[in-house]
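Undergrad: Below: one structure in structure tokens.
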Amino acid sequence: MAALAPLPPLPAQFKSIQHHLRTAQEHDKRDPVVAYYCRLYAMQTGMKIDSKTPECRKFLSKLMDQLEALKKQLGDNEAITQEIVGCAHLENYALKMFLYADNEDRAGRFHKNMIKSFYTASLLIDVITVFGELTDENVKHRKYARWKATYIHNCLKNGETPQAGPVGIEEDNDIEENEDAGAASLPTQPTQPSSSSTYDPSNMPSGNYTGIQIPPGAHAPANTPAEVPHSTGVASNTIQPTPQTIPAIDPALFNTISQGDVRLTPEDFARAQKYCKYAGSALQYEDVSTAVQNLQKALKLLTTGRE
């Protein structure tokens with residue numbers, strides 16, 4: 001992909017979107033679709049913050065140029081031309097990143113890549129809001145991932161051993177206060193995962209981070225973070241795919257397929273199409289479990305008129 005024209009210095013008013021823009025830069029080559037929507041989120045958020053002062057107008061204008069250039073380069077990519085596909089792409093990507101970090105956390109493997117993955121997952125869930133309101137599940141994952149990143153970072157920075165797995169989340173105000181301090185020191189370059197709890201903030205690199213590895217075939221969390229399947233096995237620098245559990249087919253679905261008297265609204269067809277798109281996106285990641293779940297939702301909706 002051709003290099004994009006650089007942006008001018010970030011105005012102080014846009015501090016809240018600096019990490020989303022960094023994530024966009026990190027994904028320009030790895031996943032241009034993710035990079036595009038990160039910039040779109042930054043653009044929309046920046047417009048709401050300040051679109052009138054000269055420095056902000058100049059910055060937003062250059063950011064718009066980047067968006068137009070990216071859209072032209074991506075051409076007829078369905079994840080750009082169809083919102084349903086784009087939303088599914090981002091959700092799957094963010095949840096897989098969350099799952100990788102959560103599995104490392106549950107196994108007690110605390111390292112910079114895991115912290116970065118938690119925080120980046122939370123940023124990408126922010127980005128999903130360009131498609132509309134977040135689901136309750138995404139809101140929970142975002143809160144948990146952002147808090148975990150800050151909690152583990154602070155523990156390692158202070159020479160403490162973090163508690164593995166789900167722990168009591170602090171009050172929202174505490175999360176907000178610690179978020180910027182923790183995020184500012186997150187790694188921005190690939191580092192080798194380590195099973196050691198030792199951590200030296202002074203060794204944190206400053207280049208662009210591109211090394212988060214997402215395990216193929218891992219399935220996204222089904223419910224809340226506390227219900228993500230536990231990771232097992234010894235600490236290792238090699239990320240192992242999570243074994244997939246294909247959900248059982250609801251027998252009741254087969255009894256309704258032949259009835260043919262269900263009255264479906266245009267909204268029902270749109271939701272069914274959305275579930276099928278989600279399933280297709282999940283299969284791109286070899287995520288059979290999520291694909292089956294979404295296909296079952298579509299089938300139930302089309303045969304019963306209910307979700």
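Please read every residue number as a count from 1 along the shown chain.
Every residue, even glycine, has its Cβ placed from backbone N, Cα and C.
If you look up Swiss-Prot, you'll see 181-206 marked as compositional bias 'Low complexity'. If you look up Swiss-Prot, you'll see ALA2 marked as N-acetylalanine, on the strength of experimental evidence. What Swiss-Prot records for 2-186 is region 'Interaction with IST1'. Marked as region 'Interaction with CHMP5' by Swiss-Prot: 2-75. Sequence annotations record features per position, and here Swiss-Prot assigns region 'Disordered' to 179-233. If you look up Swiss-Prot, you'll see 198-307 marked as region 'Interaction with VPS4B', on the strength of similarity to another entry.
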Undergrad: What is the total of other Cβ atoms whose distance to the Cβ of ALA2 (N-acetylalanine) is within 10 Å?
TA: 8
Undergrad: Summarise the model's confidence over the region 'Interaction with CHMP5' (2-75) as a mean pLDDT value.
TA: 95
Undergrad: What are the helix, strand and coil residue counts for the region 'Interaction with CHMP5' (2-75) according to DSSP?
TA: 54 helix, 0 strand, 20 coil
